[in-house]
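Heads up: the structure comes next, in structure tokens.
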Amino acid sequence: MIIDVDLMVHPYLRRSDDADMTSEEVINNVAKLLPRLHVIVVGPGLSRDKMMLECAKGIIAKAKEKDLPLVIDADGLYLIQNHPEIIKGYPKAILTPNVAEFKRLCEEMEINFEDNHKDKMAGLLSQAFDGVTIVQKGQYDLISNGNEVFKVDTEGGLKRCGGQGDILTGLIATFMAWGSAYHNKLWQHDNLISPSEVPMLASYAACTITRECSRSAFKKFGRSVQTSDMINEIGSSFQKLYERSELSENDNKL
């Protein structure tokens with residue numbers, strides 16, 4: 001048996017053909033864990049199994065009750081595509097669609113997808129979701145909360161690895177958790193960033209770091225680069241882009 005010490009697993013989610021609890025029981029068990037969490041990621045590894053999607057839907061509702069940030073990717077976007085009402089208007093939600101997922105979300109929200117107006121589409125989709133932050137992944141990334149748009153064209157690697165989107169999702173979640181810590185004043189600061197700014201800033205930072213990880217890993221490994229190689233570049237990429245050269249005593253608390 002292989003034990004991964006980097007993971008803490010609560011074995012509640014099960015596919016329909018392997019379930020030993022009802023979806024309501026699963027949702028309630030997961031809900032008990034929410035007070036210990038800072039952010040929820042929904043989608044990677046989820047699948048489109050009916051039981052899994054029903055549980056994810058309920059967990060999203062419980063997370064919203066706790067005012068937790070939500071980052072939704074992969075099959076979580078399939079769930080949103082079919083049930084947009086569960087996330088619409090929730091300001092702490094971030095959706096991270098690729099090109100195909102973005103088009104499907106636009107179709108569901110009755111937005112005419114126009115390739116010639118790509119830079120406007122993320123804003124339109126965000127507005128359709130009443131302010132949910134959209135991270136439109138592509139050759140360059142577009143981030144919008146419906147009021148403003150950030151464009152991320154930081155140089156990346158020449159190969160896109162499977163699982164690269166999961167790195168982005170995890171980085172967004174990390175920055176959202178740090179945003180919560182910021183507003184809970186876990187360290188001394190000037191309080192210049194409002195809660196409404198955090199999803200956009202978290203998404204921007206995550207997109208730039210993901211691209212820098214890709215560039216740096218490709219430089220080392222070329223076309224043999226894998227997602228695990230990118231993960232190993234996260235620390236140095238963060239340091240290169242965002243770390244101050246000197247940290248104060250208060251900064252060391254994190």
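Note that Cβ sites are derived from N, Cα and C of the backbone, with glycine treated the same way.
Residues or ranges marked as domain 'YjeF C-terminal' by TrEMBL: 1-241.
According to TrEMBL, the (6S)-NADPHX binding site annotation covers Gly45, Asn98, Val99, Ala100, Glu101, Phe102, Lys103, Arg104, Asp166. Asp166 ((6S)-NADPHX binding site) carries a helical DSSP state (H, G or I).
If you look up TrEMBL, you'll see 137-141, 156-165 marked as ATP binding site. Taking a C-beta cut-off of under 8 angstroms and a sequence separation of 6 or more, Asp141 (ATP binding site) has the following same-chain neighbours: Val135, Lys151, Val152, Asp153, Cys207, Arg211.
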Expressed to the nearest Å, what is the distance separating Gly157 (ATP binding site) and Asp166 ((6S)-NADPHX binding site) at their Cα atoms?
16
Checking the binding-site residues Gly45, Val99, Lys103, Asp166 against Lys137 (ATP binding site) with a 10 Å Cα-Cα cut-off, in sequence order, leaves Val99
Across the whole of the domain 'YjeF C-terminal' (1-241), what does the mean pLDDT come to? Round it, please.
94
